[in-house]
Amino acid sequence: MAELACFCYPHLENDSYKFIPFNNLAIKCMLTAKVDKKDQDKFYNSIIYGIAPPPQFKKRYNTNDNSRGMNYETPMLIKVAILICEALNSIKVTQSDVANVLSRVVSVRHLENLVLRKENHQDVLFHSKELLLKSVLIAIGQSKEIETTATAEGGEIVFQNVAFTMWKLTYLDHKLMPILDQNFIEYKITMNEDKPISDVHVKELIAELRWQYNRFAVITHGKGHYRVVKYSSVANHADRVFATYKNNAKSGNVIDFNLLDQRIIWQNWYAFTSSMKQGFTLDVCKKLLFQKMKQERNPFKGLSTDRKMDEVSRIGI
């Protein structure tokens with residue numbers, strides 16, 4: 001994860017801003033510079049290589065002192081930065097919006113995947129600039145639309161029916177922020193279209209998950225798609241989701257947390273996120289991840305796609 005200010009800076013033109021990508025050498029210069037505390041939040045002028053990110057974001061980059069950041073010297077950083085700028089320059093960003101836009105934290109791996117989709121001549125994003133920009137605006141939180149299959153970050157497709165597409169995420173092969181744990185395996189499920197889904201197609205997906213992925217939990221980060229993760233990583237996902245939800249609420253970024261279909265989501269995760277939305281503490285919510293839930297005999301009998309979040313969330317409280 002990284003702020004958009006780690007990739008580009010704004011230049012005022014008339015009544016709106018044009019965004020310009022950083023280059024590797026400007027970032028490297030900023031990382032070696034000694035900057036006063038009062039200037040940590042200002043864009044850094046490298047003199048030789050142009051503008052660089054504010055020094056307060058140094059930890060977002062991989063250095064000798066910090067191996068968890070982005071590999072900023074790889075060409076992929078420039079590709080991601082250019083893609084972000086193209087998307088932001090396709091809309092109007094005013095002076096009242098620019099600070100909020102640049103402070104937004106985005107998924108670096110998601111954006112690298114969009115670059116890979118853009119470069120794949122067999123992919124629809126290679127052929128459609130409009131769809132590509134739409135995908136980026138969704139990825140950086142500048143669009144309220146959900147990530148559907150056409151605008152998804154991509155990966156290796158392992159299952160598809162009329163309503164859903166399931167992707168195996170390819171973060172191990174990334175250049176900018178690769179997953180270093182070789183045992184990492186995670187999937188994402190996107191809806192092919194943002195519209196009501198028939199029980200038949202939901203049942204097909206659930207059958208696939210139960211037979212092929214019974215060692216994984218189906219969860220959501222509230223953004224309109226499903227994640228299929230190892231049970232051992234669920235607690236880590238819970239910490240991240242809770243922190244993001246609270247930070248958004250604190251900063252005034254009111255984003256609706258989409259609980260998705262209760263029949264697909266792992267019961268304990270549905271209980272966790274439902275309780276989180278009701279304002280319970282992290283400790284109370286996380287207890288629900290480790291409680292035994294009563295399984296409904298037939299989740300399809302008499303059920304619609306309507307959410308019933310309040311019923312589950314108070315179990316064990």
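Heads up, the Cβ atoms here are built off N, Cα and C, so glycines get one too.
Quick look at what Swiss-Prot lists:
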type     : residues                                                       : note
BINDING  : Ser107, Val108, Arg109, Lys188, His221, Gly222, Lys223, Arg227 : ATP binding site
REGION   : 205-241                                                        : region 'RNA-binding'
ACT_SITE : His225                                                         : active site, for NTPase and RTPase activities
How long is the line from the C-alpha of Lys188 (ATP binding site) to the C-alpha of the residue listed as 'active site, for NTPase and RTPase activities', rounded to the nearest angstrom?
7
Quick test of the contact rule: Cβ under 8 Å, at least six residues beyond the ends. What residues does that give for the region 'RNA-binding' (205-241)?
146-147, 152, 159, 161, 163-164, 166, 185-191, 194, 255-260, 263-266, 268-269, 272-273, 276, 282, 285-286, 289, 299
Work out how many Å separate Val108 (ATP binding site) and His225 (active site, for NTPase and RTPase activities) at their Cα atoms, rounded off.
18
Which Cβ among the recorded positions (Lys188, Lys223, His225, Arg227) has the fewest C-beta neighbours inside 10 Å?
Lys223
For Val108 (ATP binding site), what is the tally of other C-beta atoms lying within 10 angstroms of its C-beta?
22
Suppose you look only at the region 'RNA-binding' (205-241); what would the mean pLDDT be?
96
Distance from His225 (active site, for NTPase and RTPase activities) back to Ser107 (ATP binding site), taken between C-alpha atoms, in Å:
15
What is the three-state DSSP composition of the region 'RNA-binding' (205-241), stated as helix, strand and coil residue counts?
19 helix, 9 strand, 9 coil
In angstrom units, rounded to an integer, how far apart are the Cα atoms of the residue listed as 'active site, for NTPase and RTPase activities' and Arg109 (ATP binding site)?
16
Helix, strand or coil at Ser107 (ATP binding site), per DSSP?
coil
Nonlocal residues around His221 (ATP binding site), in sequence order (Cβ under 8 Å, 6 or more apart):
Arg227, His237, Arg240, Val241, Thr244
Sequence-distant neighbours of Gly222 (ATP binding site) in its chain (C-beta under 8 A, six or more apart):
Val241, Tyr245, Ile255, Asp256, Phe257, Asn258, Leu259, Thr273
Would you count the other CB atoms within 10 A of the CB of Ser107 (ATP binding site), including those on all shown protein chains?
17
